[in-house]
């Protein structure tokens with residue numbers, strides 16, 4: 001048995017000297033996250049969690065070194081580590097009903113407290129999980145995890161079988177890496193790669209190009225983006241993260257972006273100080289639960305934990321207006337049993353059985369079956385009065401196949417590296433096959449893709465940037481011929497050049513041999529896009545001014561300017577757009593001024609607009625006059641679509657009435673960045689390719705967001721006849737109309753039926769548009785709309801002309 005009584009005298013003095021030396025070493029560059037550093041030290045003490053002497057063994061035998069003194073004095077952390085509680089199992093399913101993991105019954109919430117305006121935004125998010133997967137995460141209490149607490153669990157990393165490493169991601173969920181054939185492989189997630197680098201570790205996301213570095217203790221030290229942003233984490237002498245600094249390659253430190261964290265006397269984050277001098281404050285209860293978030297504008301979001309059985313279980317969320325917007329109830333095992341809302345139609349109840357959970361919502365019931373594959377709980381099928389569905393998983397966690405109630409199916413094939421090589425979809429309309437070849441043996445970079453009616457090819461430089469792209473149409477309507485398909489005429493090619501920071505600086509596009517675009521890109525002192533110009537069309541627009549959070553405040557281009565102002569929460573309060581006389585707009589000088597006001601909980605309560613114009617030539621500007629919501633929408637639709645001129649024609653209102661156009665109820669602020677979607681489409685080719693459904697089946701290295709288009713947990717629950725009936729009802733309507741409730745998978749299946757064969761993705765990537773341009777399906781997203789009964793909906797829009805406004809706007813609510 002190990003000694004439990006440290007000696008005195010000279011040994012104590014030596015210990016004090018060593019402790020002082022350790023503090024000096026920390027102060028001069030040693031950086032560590034306190035909790036992960038301490039737990040890794042405790043694991044080396046020989047102490048056994050759950051035993052009587054665990055705490056004393058930890059205190060007596062934990063290795064010293066920088067930070068060791070504070071680890072030995074953190075009694076609460078030692079007790080928590082020694083408790084030896086069984087780790088809850090990760091779950092690979094999409095949370096439902098505000099939201100709950102249906103297999104485990106764990107409640108989860110994610111909030112963004114800061115988002116920069118960078119091309120690749122710097123984000124500070126926090127995630128709640130009623131049964132946390134990450135241990136010793138106390139920076140925001142025991143059940144909240146912020147996105148910069150990512151860490152590596154290295155207790156079992158011995159570079160031998162069965163050595164494993166747990167990589168805790170932004171939401172606190174782990175990805176397991178196993179040592180195999182001389183490399184670390186992520187279970188069910190070829191998206192992430194991990195390698196030892198000197199005394200530390202490097203983790204890379206292959207789809208985004210983001211690289212994270214970790215210390216020898218598994219502490220996050222930095223994050224770098226493919227395009228040259230380096231985000232460095234700085235820790236104080238006790239291991240608390242205090243500063244996150246973003247620096248763009250080749251720029252002055254004066255333009256760096258900094259987020260600072262302050263702590264209370266219990267080592268919990270108490271304040272977040274953002275780059276524009278805003279302060280977000282955090283409050284806690286006696287159990288260290290996060291109970292309040294006070295925003296920079298003074299409004300407060302609150303959380304309740306009033307179930308005496310489970311001191312860390314969230315039971316309510318109260319918005320900034322004082323309204324309790326969600327209430328959670330739990331069963332005897334701490335699993336969510338019900339979620340209720342002020343709108344009772346959104347309420348859901350959960351009943352747990354042996355390997356299955358039954359969800360009750362409205363008049364419907366759905367039973368989801370689960371099993372554990374590769375240490376992760378995964379859905380294997382559903383059952384309801386309509387029928388059954390089935391989902392099969394590969395042993396490594398990749399999705400194998402799905403079968404819907406209507407008999408439709410998806411079958412995935414993978415190579416030895418776990419990468420998808422073939423997706424076969426069977427539906428009432430026939431078969432659809434997607435095939436992929438890769439540029440090398442390990443990465444996710446495709447060299448070619450064959451799909452119904454087209455084949456695409458990609459060329460890369462040494463840094464993995466897409467430098468060449470080619471797409472040609474084929475006579476293969478199903479994709480079954482794969483790469484043997486014959487070209488049928490149309491061909492699109494593009495070439496992209498990059499600077500030393502992997503930012504696109506030029507892009508050429510050809511269609512059937514004719515040059516259709518010749519883009520040049522320029523960057524500013526913050527490392528972000530300053531200007532995009534097309535030498536073929538003359539289209540030019542740039543973000544010429546940014547605030548301290550790198551949000552665009554001044555736009556300028558070929559014949560236009562815009563000024564944008566924000567409130568303390570970073571929401572647009574005014575958008576002033578100036579369009580100067582050119583041949584494009586008939587020689588008119590036109591202006592638009594929009595003003596937004598918000599409620600305490602951040603919802604837009606009003607949007608007003610005025611417009612002014614002259615009569616051409618040197619005539620004076622007329623008075624600014626109020627314009628209708630329809631006309632505001634047309635201005636914004638044109639701007640966000642990259643159309644120039646943005647100003648609508650003078651007879652707009654009559655045109656809209658003639659087309660019986662409808663507008664989306666529920667207002668949204670102008671999307672400043674959307675105007676650059678088209679100019680940057682070639683610069684983002686390497687990223688956009690991963691939106692294709694063939695990549696939906698692979699593990700993503702972390703939970704997909706609640707709004708992910710590629711949420712593959714539940715197969716379609718609607719029959720072919722039901723989908724056909726819903727579309728018949730839709731085409732018989734006018735204006736805004738409700739379309740019942742369906743799962744995300746059903747929404748996408750219905751969307752494909754709606755847009756029909758030959759559909760393409762919308763220019764902004766938000767949905768699909770039919771070949772004739774008259775039908776548009778918008779992917780599910782959260783909406784504050786009187787038609788969004790569940791808070792999330794997809795849209796089905798019918799138009800009279802491809803460029804016209806919709807005269808039917810169907811709202812499909814998304815539910816389990």
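Cβ atoms are placed via backbone N, Cα and C, with glycine included.
Remember, TrEMBL labels are computer predictions, not curated facts.
What you see is a predicted model, and the numbers here were worked out from it, not measured in a lab.
Ranges compared are 321-349, 350-378, 379-407, 408-436, and TrEMBL records region 'Disordered' for 379-407. Counting residues per DSSP class in helix, strand and coil order gives 0 helix, 11 strand, 2 coil for the compositional bias 'Low complexity' (380-392).
Broken down with DSSP, the domain 'DUF6531' (98-177) shows 0 helix, 34 strand, 46 coil. Taking Cβ pairs closer than 8 Å, the compositional bias 'Low complexity' (380-392) reaches residues 364-371, 399-405, 713-719 in its own chain, all 6 or more past its ends.
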